[in-house]
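Notes to accompany the following structure.
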């Protein structure tokens, strides 16, 4: 299928929110955009995280000419070390993104074998048949870019995560001029972020948070603790601005927050002078009114600092009455229960808790519907492919594109694995390549088999009962009382009586078994357990003859 | 503690959303308000549902003079059969609520031993020291009421779930006059619903859905399938109105929907004439443009009709391209993933899916902030106790009450189990009674022990490995190869090699064990498994000597 058309191969992020990764293929050359991870849903039991399925590339690794990264969030860079273990191609990124990438590569022992090139927004890079032009976009992390990707088939615009913030915290708006220039040159296709495609209007500027923060700082009598993502660099700047204005010192709790703060300050993306920052242990000795502490845990993660503060299990310090805690974040779908539980527990500890539902302490980093339409108008693409989103969001984004005049047949709503082929005047769906969830679970990386997940589900429902039967080889009778253990099945106080019943039943079944003793015992055990408890635990029966 | 004060004992619904149940105690008399259930959170593994902890009442069952039910939703009536098994007191409810209660009691074989009295809104009932006056409130089910509860200590207003809908579907607004009359008589305390305390403004009228439904019916070319709660009677009326206006016949899929529809029609709470309704199997033979089907599954429950339609596993019919599916609901926190997954799957099956995020096909049944303030102004209570909500919502409701002028010291924000004592001029916190989660899990009802839940959590994470070692009693050596099984731990293709390693390690450990062989083997097995997989399954080791 190698030819004179551009092939677009979605490896992740289409049909889901997270693990973004796209391959562009022209002739012998392949470039990749982003290498993100996704966090598991509540029913993906025991999974640490999920990475894009890039096995399509494994027999083509020599053809991969470059890996281009739009920005430093985990859903765009988090799988970089998994990709670099298989593919040895140079990485291209803006300065801050590069800083965050190198930190991650170093932690995975990959600094030596990886080449990362710095490319500033506005610059372009030529690799093989591709010329990739970096253009600045606003997002909830500084130094984000989209790409103008030119190859002989035409110019494709890949938006990355973006919003059209007219008053961004770093005063660096999205590059409208470059988008207009692309449109003059003629855009063959636009691939753009669909995360907020269901949201009408225009996403508020990051600046609106300033007012909310100023109110919090004005009213707080005690300490202020602000939880956010470690990668939300612009939020750090806003907290710093408020701290400076209200005469508080700022401290960072937790290594990921500190790491990112240091990288961003070193590279000039955070304007925080030395006199404003104090180490966390010093902050804890200062007057309550004089400090603000930033920490992680805004998604209610139980092991994060905020999670531990809410349960009174944080090592370095505790919540005290009068603390003001701000969750500067929006719960990711699936995290609502954890987030609200954390908020309730902080209230129980007499903190004043401020969160998105009651004050504008967070805004989205993604474009809403009017911004999506603006991007379509600015770039005037011939073809449109919505990316970054579940199917419902891709469908909505396609609807918006139809509304601004893109003909239905020029829009491709596809999910991971569906290859799209573009020539100067046609778009068509090509083959569908295999694409599945690649789970990282402990040290293993791979497609966790469906039955392993199903078994975990059933273990989680009703627990496990282990029965050990030893028979006398000669007589076929019980050599001794069966040994029975359980976990996650029944409380201790009811267990003994029930297990006595099970033992009795086994003793009845064994002498009459004339087929497989194991199967007969198993069936009998299941029956007794279900009759007595209406539960169906996983049952292991081992029968040995001695 | 029996005396001349009113004791208010929250048994459920304070500090959580769901399982509402309140006891009022004066002198020797106790009355109960509501007996609801709550659905388990995502990490309450294997639990079917949760009921209020009413063990406080168990040594006082003869003192319970009546059970008053505000309306027919599950979070207010769902535990009635559990309560009736312990407490034999008459139930008082409005006609529709009574119909739904009797249906539930019959299904649990409790019709004979239960006395249910019909009380219409506007009427009052005297039991012991209490006079309970029923007043009509709008909610997302018809015939809902709140209670004016009078005893010698004073008059308490218990709101139930309410909204101030000026244009309700059944044209029966909340009873402002009665609330004003209460205020003239003097309200000692108001207990009112906090569910939407974080939501500014006024909850839209149920009527706004009419416009959205009319648009759906106007535009749909094929069948229309509308998913909602089986108890959302007013939504059935709205679908019926739209069906009548647009010339479609209406069918109900699923027994719970059909049951509730029949009860509501029989009692006159649904204005649907016989010519409008067709049986579901007839509907399936009609032209697509001529039918609308109502079904359950708006929370994405995998076993519901909509859940099965989304996976192509429904028995009676399938989704076909061109179907319009409406989810007339709001995802309950914790259900977001299931709801969105269902929507995505329906899109995959080429249905046009309409849901709350993209069209006003649902409104809340609960009052928002301005309505909460109105209720406070209408009733002018001396004391205020926010009910129905997590702590964060109770706290917000308390803040609203302070804003309308209730002094801070006259507001009690308490969670389940905290007894409140009221006299004509004082409110104080009394003792805290034990209150915990009572889980219904299979046929067992009780406090699932914390370690059972913890064990299920750990089984769900990494599965289970079962090792069976038989030693020769004389030599202490292995009598034969250890038997090893696992579930939910590792995929089949990697399992054999790993288990060989485990067997080898056991063979090495056994001869050198000079303490507990079981412990030594267990430790060795754990070590090998962790070293090879970085997972920590639950390990069962049984060592027998023969």
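In case you wondered, yes, glycine gets a Cβ from its N, Cα and C as well.
TrEMBL labels come from automatic prediction, so no person has curated them.
Zn(2+) is bound by A:71, A:73, A:75, A:76, A:139, A:388 in TrEMBL, and the record lists one more residue there from A:43, A:48, A:161, A:165, which is A:161. Residues A:46, A:48 are given by TrEMBL as Ca(2+) binders; from A:425, A:430, A:441, A:451, that same site also lists A:441. When pLDDT is averaged over the domain 'Metallo-beta-lactamase' (A:18-215), the result is 95. Note: the Zn(2+) site is recorded as A:71, A:73, A:75, A:76, A:139, A:161, A:388; in the same chain, A:20, A:34, A:36, A:70, A:141, A:144, A:160, A:193, A:365 also have Cβ atoms within 8 Å of that site's Cβ centroid. In sequence order, A:139, A:161 are the binding-site residues from A:75, A:139, A:161 with a C-alpha within 10 Å of the C-alpha of residue A:365 (substrate binding site). Using CA atoms as reference points, the binding-site residues A:73, A:139, A:388 were checked against residue A:363 (substrate binding site), and the closest is A:139.
Counting only the Cα atoms, the space from residue A:76 (Zn(2+) binding site) to residue A:48 (Ca(2+) binding site) is about 17 angstrom. When the recorded positions A:193, A:362, A:366 are screened for a C-alpha within 10 angstroms of the C-alpha of residue A:73 (Zn(2+) binding site), no residue qualifies. Under a cutoff of 8 A between CB atoms, and with a sequence separation of 6+ in the same chain, the neighbours of residue A:46 (Ca(2+) binding site) are A:441, A:456.
In this view, residue A:193 (active site, proton donor) is surrounded by 30 other Cβ atoms within 10 Å of its Cβ, with every protein chain counted.
The secondary structure of residue A:75 (Zn(2+) binding site), as reduced to three states from DSSP, is helical.
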